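J.: Features from Swiss-Prot:
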- 1-78: transit peptide (TRANSIT)
- 167-188: compositional bias 'Basic and acidic residues' (COMPBIAS)
- 260-531: domain 'Dynamin-type G' (DOMAIN)
- 273, 274, 275, 276, 277, 278, 292, 439, 441, 468: GTP binding site (BINDING)
- 277, 297, 370: Mg(2+) binding site (BINDING)
- 438-441: region 'G4 motif' (REGION)
- 802-811: disulfide bond (DISULFID)
- 805-898: domain 'GED' (DOMAIN)
């Protein structure tokens with residue numbers, strides 16, 4: 001705009017001479033022209049020079065004037081400058097446009113990266129919450145999601161580059177604002193158009209150079225570079241420690257005592273009342289450890305601290321205890337106390353650890369193990385060797401590669417510290433030991449400083465002095481962070497004593513220094529053992545794969561698949577049972593039961609009658625006595641409650657068959673599964689029992705009043721009655737032979753003769769035989785009488801007197817058998833519909849519901865563990881899966897460490 005304005009002004013001034021020299025067509029003399037031109041020259045304007053450059057306004061402007069062109073060497077520089085002014089301005093505009101386009105492209109790229117980063121962060125957090133919810137409800141582990149590697153490389157979404165981009169963007173914005181201010185000042189101060197044009201080009205060139213320089217790291221100062229490197233290192237350390245703790249938790253799930261893979265942890269040891277619990281609680285920021293006058297820490301507490309920036313409310317979770325997320329740390333303290341006090345005082349300590357994981361945004365990623373404190377004297381209710389048990393338990397945990405955190409009280413001589421003596425036995429050089437001196441405010445500052453100087457009992461990581469006394473609960477609310485309160489108290493104490501102002505011991509004072517030291521030492525130890533741990537996991541995995549291939553032929557098995565396979569086998573056997581147990585089998589079952597009932601009625605009401613022999617011989621005689629006997633037998637048979645009797649008989653038979661099928665199935669090794677199956681069968685049978693028995697009773701109700709038998713039924717029943725009597729006769733003869741063989745025929749004859757004499761004698765005979773022998777003789781007499789009656793009745797049934805149905809009173813055996821047939825046939829029809837069909841349909845589905853859909857993961861694991869062979873297979877398979885996952889994670893960490901070292 002400034003150039004256009006200048007050119008327009010220049011054109012107007014070039015037109016002025018011609019209009020001045022020749023207004024309204026008049027012609028001036030040369031003297032007049034020279035006089036007017038000289039006046040214009042004094043004002044700084046040269047009309048002839050302008051005319052010579054741009055030409056006259058009109059072709060006849062100077063036709064009548066004798067003009068003289070003035071030329072000097074000073075006009076050469078101005079001519080060159082004016083000829084280069086337009087190209088320079090165009091180049092400046094092009095450069096400025098290119099710089100503007102580049103800046104807009106960079107802004108679009110950064111905006112796209114931020115959008116991708118935020119979007120993936122939201123998706124990642126949402127999916128993580130979904131995984132936790134599904135895992136807590138169904139115990140199903142959903143897969144993790146991660147951004148593809150190629151997209152990470154494109155977007156540069158790793159931790160270090162993201163931080164570097166944020167710093168560079170801030171520097172770019174700052175310089176852009178400063179450049180804008182400088183350019184605005186220069187445009188306001190410059191009046192000359194030439195200087196304005198040059199200033200625009202210089203500003204555009206400077207903006208191009210500034211954009212190029214901002215993209216590199218050369219614009220950062222040395223302090224900013226160190227700060228950026230330190231922040232990147234801390235982020236990398238935090239990420240590395242968190243991943244290693246995840247690997248440690250994975251390896252802990254293996255539960256194999258023979259595993260040689262161990263990851264470093266910080267083991268806290270010290271004497272009772274040395275302040276171990278206070279130090280741990282100050283690190284965590286909450287009171288959660290058990291406290292008491294007696295020894296309350298009786299089991300190792302494996303404490304895992306997880307830094308979770310998204311966690312607004314800290315919470316804890318116990319491994320192996322289904323308590324969920326616990327946000328009340330007093331409840332955590334109560335649970336820890338109960339778990340520790342579950343160990344009886346007579347036992348002292350138990351090496352079964354308590355695993356607790358705490359998630360919070362203000363805690364570092366650490367793996368700590370709190371052990372029972374060393375004691376000097378045991379109480380009466382404690383074992384005499386309690387001190388030895390505690391020492392052995394501590395030595396088990398303070399072995400390599402664990403880090404030893406030896407807690408000592410400042411008011412106790414270090415020479416008497418049990419923690420330092422124990423650490424010297426396994427770490428003579430003190431390379432893995434960190435000394436923590438508690439109660440620094442109870443000793444003079446000079447003595448405290450002498451301890452921290454690390455001269456008498458040197459340790460590689462030195463001693464860190466803390467106070468860490470728990471502030472009384474009444475002075476702060478439960479929501480306050482204990483770490484901040486302890487740090488404030490420590491800073492107040494150390495700042496009031498000038499002896500602690502020495503810069504050499506400044507990094508060895510306070511709980512914050514201890515936290516930093518623990519983070520650095522744990523990260524260094526884990527990093528140092530990273531390759532060794534990866535090799536150990538790889539070796540363990542190879543051995544596990546070999547054992548799994550040899551023992552189980554690489555056959556993958558899960559609790560769900562095992563139960564499904566077992567159910568398939570059971571259902572196949574059950575289907576075979578349904579084909580073998582139908583109406584005909586139920587009919588035979590009921591018929592057999594009613595036959596026994598008929599035999600009992602005949603034996604009770606006919607065969608014990610003294611007149612049975614005469615009645616059998618005179619079959620044509622009809623006597624009301626015998627008619628009443630038959631009617632009473634029929635009434636008893638029809639009113640016996642056939643519905644319940646038959647239904648109960650069938651349900652018992654089904655239950656027995658189901659029990660036999662279960663014992664022959666893969667569930668025979670699982671008592672709980674057998675109980676599930678039997679309960680399912682009994683529940684269905686119980687639900688159908690009432691309806692079935694009612695239907696059967698209603699259908700046999702007409703037979704309670706009248707029973708009609710046709711000729712075919714009589715004929716069929718006659719043959720069946722003969723068979724029943726023949727079977728009964730065979731049983732009777734078998735019993736006779738058994739008694740004779742047991743006693744002897746000769747002696748039995750003597751006993752029978754003695755019984756006959758005793759029966760006919762008016763006076764009691766001397767006891768020549770034992771009571772048991774006499775009982776055998778009386779049984780033999782009864783069986784002989786029964787044998788004679790059965791033979792007599794069989795002969796009657798075979799005679800012509802029992803040929804027709806009108807002889808039902810003469811041949812009650814045939815008629816009662818016909819009645820039982822009618823009852824059985826009627827009952828079978830409704831039992832088949834109401835009981836068998838429903839049971840065969842519902843039972844397999846009930847098994848699926850109870851054994852597949854209703855069991856939790858814990859119940860499935862408990863169910864599978866009942867089979868020793870299956871338990872060992874699943875444990876080996878779980879170990880292989882955990883090792884594969886751990887190896888995958890640790891290999892990625894190895895690659896990241898190598899890249900970090902190369903950078």
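Using N, Cα and C of the backbone, Cβ positions are placed for all residues, glycine too.
If you look at the structure here, what lies around each of the features I listed?
T.: Around residue 277 (GTP binding site), the same-chain residues at least 6 positions away in sequence with a Cβ under 8 Å from its Cβ are 289, 291, 297, 370.
Panel annotation: around the region 'G4 motif' (438-441), residues 274-275, 278-279, 407-411, 448, 465-469, 493, 509 of the same chain, lying at least six beyond its termini, place a Cβ under 8 Å from a Cβ of the stretch.
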J.: For the GTP site made of 273, 274, 275, 276, 277, 278, 292, 439, 441, 468, how many Å separate the two farthest Cα atoms?
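T.: Value for the max Cα separation, rounded to a whole number: 23 Å.
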J.: Measuring Cα to Cα, tell me the gap between residue 811 (disulfide bond) and residue 292 (GTP binding site) in whole angstrom.
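T.: One finds 92 Å between the Cα atoms of these residues.
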J.: Compile a sequence-ordered list of residues in the same chain as residue 273 (GTP binding site), six or more apart from it, whose Cβ lies below 8 A from its Cβ; state 'none' when nothing qualifies.
T.: 373, 409
J.: How many helix, strand and coil residues does the domain 'GED' (805-898) contain under DSSP?
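T.: Helix, strand, coil within the domain 'GED' (805-898): 84 helix, 0 strand, 10 coil.
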J.: Can you check how the pLDDT averages out over the domain 'GED' (805-898)?
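T.: Looking only at the domain 'GED' (805-898), pLDDT averages out to 88.
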J.: Would you mind listing, in sequence order, the residues at least six apart from residue 292 (GTP binding site) in the same chain with a Cβ closer than 8 Å to its Cβ?
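T.: Once residues fewer than 6 apart are set aside, residue 292 (GTP binding site) is near 337.
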J.: Considering the disulfide-bonded residues 802, 811, which residue's Cβ sits among the greatest number of other Cβ atoms within 10 Å?
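T.: Compared across 802, 811, the most Cβ atoms within 10 Å surround 811.
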J.: Please report the Cα separation of residue 441 (GTP binding site) and residue 802 (disulfide bond) in Å, rounded to an integer.
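T.: Rounded to the nearest whole number, the Cα-Cα distance is 118 Å.
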